[in-house]
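Q: I am attaching a structure below and will ask some questions about it afterwards.
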Amino acid sequence: MARGEGAEQFSSGLLPTAKSVTQNEIKMVKLPKQQERKRALTVWSKVCFAIGGAPYQITGTALGFFLQIFLLDVAQLNPLNASVILFVGRAWDAVTDPTVGFLVSRTPWTRHGRMMPWILVSTIPAVLCYFLIWVVPPIEQGKMMWYLLFYCLFQTLQTCFHVPYSALTMFISTEQRERDSATAYRMTVEVFGTVVGTAIQGQIVGMANTPCKNNTSPNNSSNDLIQSNNSHIPLKSNIFDERCAYMIASAVISLIYVVCAAVLFFGVREQDVQGELKAQKRVSFQKGLRLVMGHGPYVKLVLAFLFTSLAFMLLEGNFAVFIKYTLGFREDFQNILLVIMVSATVSIPMWQWFLCRFGKKTAVYIGITWAVPFMILVVSVNSSLIVSYIVSIAAGVSVGAAFLLPWSMLPDVVDDFKLQNPTSQGHEAIFYSFYVFFTKFASGVSLGVSTLALSFAGYETGVCVQSDSVNLTLKLLVSAAPVSLIALGLLIFMTYPIDEERREYNNKQLQLLLRNEEEEDEMEVLKPDITA
């Protein structure tokens with residue numbers, strides 16, 4: 001679609017007909033100060049909103065980095081069963097997103113808003129299920145069903161939290177600049193949440209390092225006391241210690257989850273933005289879904305970030321195993337993961353400045369491709385702890401961009417949709433839930449396929465050293481596959497039509513519409529006095 005297309009439809013259908021509206025005239029519009037103050041968000045509101053995003057990232061990081069290795073080395077499941085749990089759990093999680101999005105779109109407005117009740121009700125059951133994911137049940141035959149059940153339950157309840165929270169971006173302010181600022185706050189806290197998740201899970205579990213069996217000497221009677229990185233690990237006692245460590249870490253994360261949800265609920269006021277656009281009318285979910293999925297910029301944005309997200313998910317899901325076995329840093333893998341997340345957190349403000357200065361599309365190209373040389377470097381050089389830390393710092397910068405940019409660009413697509421479909425409203429949850437659906441489905445595919453690939457390569461549970469075929473598979477999973485997916489995603493992104501000029505134009509038209517609606521409301525209030 002050509003730049004600005006759809007503006008004529010918008011202006012002729014909803015704006016006053018007494019004066020024509022051109023792009024140049026719109027640029028001169030100055031909103032009243034009272035209206036600007038109404039839409040302004042305080043720093044406190046932005047911080048509280050941002051804190052609400054931490055639980056999803058804290059739990060997601062812990063699951064993404066550590067669940068695979070927990071199922072394989074602590075719960076002692078075979079790789080095939082672990083791959084089934086990871087794939088089915090993530091696939092189920094993906095299916096729940098459009099379902100919850102539909103239910104949220106049908107939720108009536110309450111005194112707490114439309115999104116907040118979902119966030120409040122889902123919190124406590126979610127943390128209970130999360131804790132039980134990290135418990136090793138005393139039954140051997142039912143282990144797989146135990147993890148599959150509580151993993152799926154947690155993902156469902158987490159969706160009931162995250163989809164309304166994501167859509168809340170459109171209900172905290174009608175001002176695009178305010179939403180972008182709140183999104184930057186949110187991304188900073190969310191990436192900091194990944195640091196917290198990595199630190200809590202990694203450092204607590206790292207105190208009870210995973211025991212392993214000496215697979216090079218199967219007839220050696222000292223297998224229960226093996227040497228790993230110059231330290232002796234008693235096998236049975238350490239398995240028990242590590243199980244306790246995982247439960248302690250999950251309990252701490254569960255407590256943080258509850259605190260963050262409470263801060264969000266009491267610190268953010270959800271605005272009834274839909275009431276401000278009286279000219280709009282609600283359409284059915286099915287029609288809304290067809291409109292959303294038929295909106296070209298949204299489809300292109302989702303497809304592009306689907307492939308780039310899949311690349312980083314492959315890296316995330318396999319990097320701990322890669323560090324532990326291929327690089328041989330059994331006692332350092334949690335610290336290397338922590339460095340990646342700290343680097344990503346520090347880079348978020350820089351990327352926010354960059355996208356404001358050079359535009360969002362440029363930020364995508366630079367930010368996502370930044371990681372590619374380091375993905376290649378980490379599998380090309382000989383195993384070196386110093387090189388691993390350098391690569392981790394550099395890769396974290398790209399991870400920060402991957403966190404910020406999709407959520408910063410989705411509101412632009414929603415605004416563009418509103419201008420091209422001015423009589424349709426209430427589809428924010430559909431936009432966000434289907435984006436999360438596709439990324440979560442990609443995550444399930446990446447974890448399931450990668451764990452299955454390790455099974456075919458001959459991965460052995462609990463051993464100190466894996467075979468060459470396993471190490472080669474891990475190199476492909478953290479380097480060649482992600483690089484190829486990033487290239488494909490960026491090729492699709494080249495067709496994304498919303499540049500900075502179109503984004504600003506859309507924003508000014510929306511503000512003009514809201515201004516006229518508010519003026520009409522004021523006239524309605526004054527009308528009885530005038531006629532009297």
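Backbone N, Cα and C atoms are what each Cβ position is placed from, and that goes for glycine too.
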Q: Looking at Swiss-Prot, which of Asn215, Asn219, Asn229 is flagged as N-linked glycosylation site?
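A: Cross-referencing Asn215, Asn219, Asn229 with Swiss-Prot, N-linked glycosylation site lands on Asn229.
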Q: Given the candidates Asn214, Asn471, specify the residue that Swiss-Prot annotates with N-linked glycosylation site.
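A: In Swiss-Prot, Asn214 carries the N-linked glycosylation site label; others show none in the record.
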Q: Same side of the membrane for Pro422 and Thr461, as recorded in Swiss-Prot?
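A: Going by Swiss-Prot, Pro422 and Thr461 are on opposing faces of the membrane.
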Q: From the set Asn81, Asn220, which residue is assigned the annotation N-linked glycosylation site by Swiss-Prot?
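A: Swiss-Prot records N-linked glycosylation site at Asn220.
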Q: If you draw a 10 Å sphere around the Cβ of Cys464 (disulfide bond), how many other Cβ atoms fall inside it, taking every protein chain shown into account?
A: 21
Q: Mind pulling out the one from 145-169, 177-208, 359-380, 384-420 with the most Cβ pairs under 8 angstroms to the transmembrane segment (470-493)?
A: 359-380
Q: Between the stretches 82-102, 177-208, 336-354, 359-380, 431-457, which wins on the count of C-beta pairs under 8 angstroms to the transmembrane segment (145-169)?
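A: Stretch with maximum Cβ contacts: 82-102.
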Q: Same-chain Cβ contacts of the topological domain 'Extracellular' (71-81) under 8 Å, 6 or more residues past its ends?
A: 136, 143-144, 147, 210, 212, 239, 242-243, 246, 321, 451-452, 454-455, 459, 461-462
Q: Between 41-70, 177-208, 384-420, who has the most Cβ pairs under 8 Å to the transmembrane segment (336-354)?
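A: The stretch with the most contacts is 384-420.
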Q: What mean pLDDT score does the topological domain 'Extracellular' (71-81) have in the model?
A: 87
Q: Which range wins on Cβ pairs under 8 Å with the transmembrane segment (431-457): 177-208, 298-324, 384-420?
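A: Stretch with maximum Cβ contacts: 298-324.
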Q: Can you say which of 82-102, 115-134, 384-420 has the most Cβ pairs under 8 Å with the transmembrane segment (177-208)?
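A: Stretch with maximum Cβ contacts: 384-420.
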